[in-house]
Every structure is written in C-alpha cells, then in structure tokens.
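Quick look at what TrEMBL annotates:
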- 1-138: domain 'Peptidase S1' (DOMAIN)
C-alpha cells in the first residue's frame with residue numbers, strides 16, 4: 001500500500017464487501033486496462049474495457065481440472081466468452097454495478113491464457129481481503 005504525493009482528482013471506487021446478487025455467478029462485470037488483447041501482442045495505447053460474466057468458484061475450478069490451478073475462496077473468476085484480461089493488466093479492476101454505482105469486486109491476478117472461449121481469468125476477491133484493506137482506508141470510506 002502506498003500513499004499518493006498529491007491528492008487525486010478522481011473519486012475512489014467503492015469496494016465490494018458484500019457477496020450478493022450483484023456479484024453472483026452469471027452477473028456481468030467489467031474489466032479495464034491497457035494490457036494486450038492476445039498473448040504476444042503489444043500493450044494498448046488506449047484504455048480498453050470488456051464485459052465479462054462471473055463464474056461460480058466451483059465452475060471455475062472445474063474449468064482448470066488437469067492444471068495446477070486451485071481456485072480458492074479468495075479468488076473470483078470471470079470471462080470465458082473470448083473476452084478477458086491479458087498481459088499488462090495485472091492489478092487492474094474487475095467491477096460490478098450495484099444500483100447504478102460501480103464497485104471494485106476483484107483485482108486482475110492470473111490466467112491460463114488470454115481471451116479464449118470457455119476459459120475465465122482469475123481475480124483477487126476484494127471481499128476476502130477486507131480485514132487487510134480496511135485498516136488502510138480513511139474512516140469515512142468504511
């Protein structure tokens with residue numbers, strides 16, 4: 001965690017502490033970043049975004065049967081419809097919309113490949129990191 005030298009002109013995103021119908025499997029989330037769109041390509045000069053459905057952890061785990069990927073409660077999977085995050089997007093947002101307001105549900109973490117139908121990407125689940133994150137937030141944000 002680091003502190004900015006000067007205040008940001010952008011408002012902070014709300015954090016998705018609650019796992020509910022707004023972040024349930026099948027819900028469409030959004031990913032954004034300047035990363036590549038396929039393995040081996042150059043990073044994008046413009047901010048890209050894609051809509052990606054959220055997977056249940058069970059469905060995600062089954063997708064990676066045969067690989068050394070163990071999907072845990074601290075992860076959230078999304079994508080699988082030929083849309084995904086890729087190289088250069090790590091640390092970027094996975095957002096969901098609740099009552100017209102965007103919330104950060106995950107942080108781009110890992111993937112087997114990029115943008116392949118049927119293979120989602122892996123994100124660090126924000127709600128599982130609440131105990132770690134909250135002490136660094138101003139009291140008005142909690």
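Any Cβ shown, glycine's included, is placed from N, Cα and C.
Under DSSP, residues within the domain 'Peptidase S1' (1-138) fall into helix, strand and coil as 18 helix, 43 strand, 77 coil. Confidence annotation: the domain 'Peptidase S1' (1-138) carries a mean pLDDT of 93 in the model.
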